[in-house]
Number of protein chains: 2
Amino acid sequence: MTHEAGIPLGIRFKLLSDTPQDSAAQVVSDVVVGDYRDLDTLRDFARGCDVITFDHEHVPTEHLRTLEADGIPVRPGPDALVHAQDKGVMRARLDAIGVPCPRHRIVSDPEDVAAFAAEGEGFPVVLKTVRGGYDGKGVWVVRSAAEAEDPFRAGVPVLAEEKVDFVRELAANVVRSPHGQAVAYPVVESRQVNGVCDTVIAPAPDLPAERALHAEQLALNIAKELDVIGHLAVELFETRDGRILVNELAMRPHNSGHWSQDGAITSQFANHVRAVLDLPLGDPRPRAKWTVMVNVLGGDYPDMYSAYLHCMARDPQLKIHMYGKDVKVGRKVGHVNTYGDDLADVLDRARHAAAYLRGTITE
Amino acid sequence: MTHEAGIPLGIRFKLLSDTPQDSAAQVVSDVVVGDYRDLDTLRDFARGCDVITFDHEHVPTEHLRTLEADGIPVRPGPDALVHAQDKGVMRARLDAIGVPCPRHRIVSDPEDVAAFAAEGEGFPVVLKTVRGGYDGKGVWVVRSAAEAEDPFRAGVPVLAEEKVDFVRELAANVVRSPHGQAVAYPVVESRQVNGVCDTVIAPAPDLPAERALHAEQLALNIAKELDVIGHLAVELFETRDGRILVNELAMRPHNSGHWSQDGAITSQFANHVRAVLDLPLGDPRPRAKWTVMVNVLGGDYPDMYSAYLHCMARDPQLKIHMYGKDVKVGRKVGHVNTYGDDLADVLDRARHAAAYLRGTITE
């Protein structure tokens, strides 16, 4: 999707891909297949690139520092990216700059989890490995010390967090350039199913303007303090008592910003490309009153394209974005966007299309 | 741009390209470099393709018939495409189905041109080689038989046409699928400079609704009668006395439809891809009151990207589409789209950006 956004600007990508079957490798012309954890592979790949950026956060921080020492601009840089790689580093830094977060601390064993619970509202407690988690992986919700064995088995530090009594999840997406320019997308509501993002509504319905502005400023402030270059997604909890707490950070175009491909004047992907090249940023404002994104998860159809006939004929305004991935049950294999003036209708169209593409419904 | 539109649908392209430097070859992952005039190259290339389509009309008609005989769907098919390849065939067919055209006939030599002029309103007369012309190439406006020598030198048949007293040029863009579904984009105004498209305004300003509907129906009727599959652009003259005459046909996404990338719910490229795959077509309606496209011609800047800083900073809503071509003076190397409610403002923004990218203005 970043390649797609780069084409009209004449921006040419060279891709380091795990396999030739990766989504991006299917559409980019200049692909190197290799392991992003191998420093020699990275250095060979980086030679001749004007700038390096990412579609995931897993490249080892120390390797990125080596690339920078080699003179290759890395955006976002390792000193920023580490906050999206390591939840312990992230929490410590957000505390230091006064950003409201769930109560948290690093815990050493199940007994320490019980102590953490006792320091606050008791169980349940959320445990997260500080590195390597995504889409609900590496996250446990435990109701007792006895349930808290698993997270410690991976041998990486474990972060304990209070289970926030939130009314919904929001996301504030911002983009920042080396020049210091930044833009904020409207704050969206993000609905999760089994820990995986299911639906995003832009803008978040019934969010008071003051609270939306507060969330945007929070994200812009984090981008500035952490010196983030490119897209920053700040996942947020809106609590029952009206507070906004930071849940997670992602430093790349993010699922909560996919709506912008069809719903904003400039998509998150276009603005990420512009930011990492230090070009002036595009207008992030919405083009429609409501835009809804629903993820398409792998389901019953091994060939999801057979569902196009129904979906396209039913809704000529539907925007389908498929990733060319092999279909596995529960895997994100695409998303759909819809937009319009009537939120109930826009939501219904997106949900219908995503469910039909997955095979959950057949009419 | 067609590849770009195929990415979100998971449509993968295999490209036959003249050189590795061609615009499309820079961004498509699966590229075969070869000569589209060579039958063996075409047959080798076509093996395994689900469908063949084009971004120009120059593949020899008889080669396309061979591919069809090999069992490869060619869309648009050779029997349709020949009308966009051969202006003589096109005029004869449009006459046969009652589509209004400028007065015309095939002429044999300069004396015959004089006879053609005498049969109607006299000189000037427009002469066109029936094959191989584009962007004003292969077209002559002559004021006497003595001026009419050049067109006959190429050794291909020459078509004479009256010089139409038009108030402006319009274009009707439609897309048709094998299933018989068709959609019509709003009729646009197309402004030429030195025979090359310069500006397109969507929809055409001050075009009476009846005349717009008539032009759309004309294009839909041509698509049906000629069995066009994919995008059909019908270039039109609007005469001083309110008639609509057909100037040219193009059977591929067309310069007069580039505005649709940012101005329509579904772009001409997305609908062309959907049509050639016989998928239901997307909504062609505009997303903005006015959309303007201005072509960027090669000019003073060998590296046009240096102008991005100014253009993007001046207009965060500007949509730049560059083709990655080497800059040569007068060559189409990109275009810009702008949209909004105020036509004068939208026009001004597009013209400024295109002129700045070209280097005609520097502030």
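Every residue, even glycine, has its Cβ placed from backbone N, Cα and C.
Just so you know, TrEMBL annotations never went through curation; they're auto-generated.
Pulled from TrEMBL:
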BINDING   A:Lys87, A:Lys128, A:Glu161, A:Glu162, A:Lys163, A:Val164, A:Glu169, A:Asn247, A:Glu248  ATP binding site
DOMAIN    A:91-277  domain 'ATP-grasp'
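Sequence features annotated in TrEMBL and their locations in the structure.
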residue  : record           : CB count, 10 Å
A:Lys87  : ATP binding site : 25
A:Glu161 : ATP binding site : 23
A:Lys163 : ATP binding site : 18
A:Glu169 : ATP binding site : 21
A:Glu248 : ATP binding site : 18
DSSP three-state assignment for A:Lys87 (ATP binding site): helix
Predicted model, mean pLDDT over the domain 'ATP-grasp' (A:91-277): 95
Farthest-apart CA atoms of A:Lys87, A:Lys128, A:Glu161, A:Glu162, A:Lys163, A:Val164, A:Glu169, A:Asn247, A:Glu248, residues recorded for ATP, distance in Å: 18
Three-state secondary structure, A:Glu248 (ATP binding site) (per DSSP): strand
Where A:Lys163 (ATP binding site) falls in three-state DSSP terms: coil
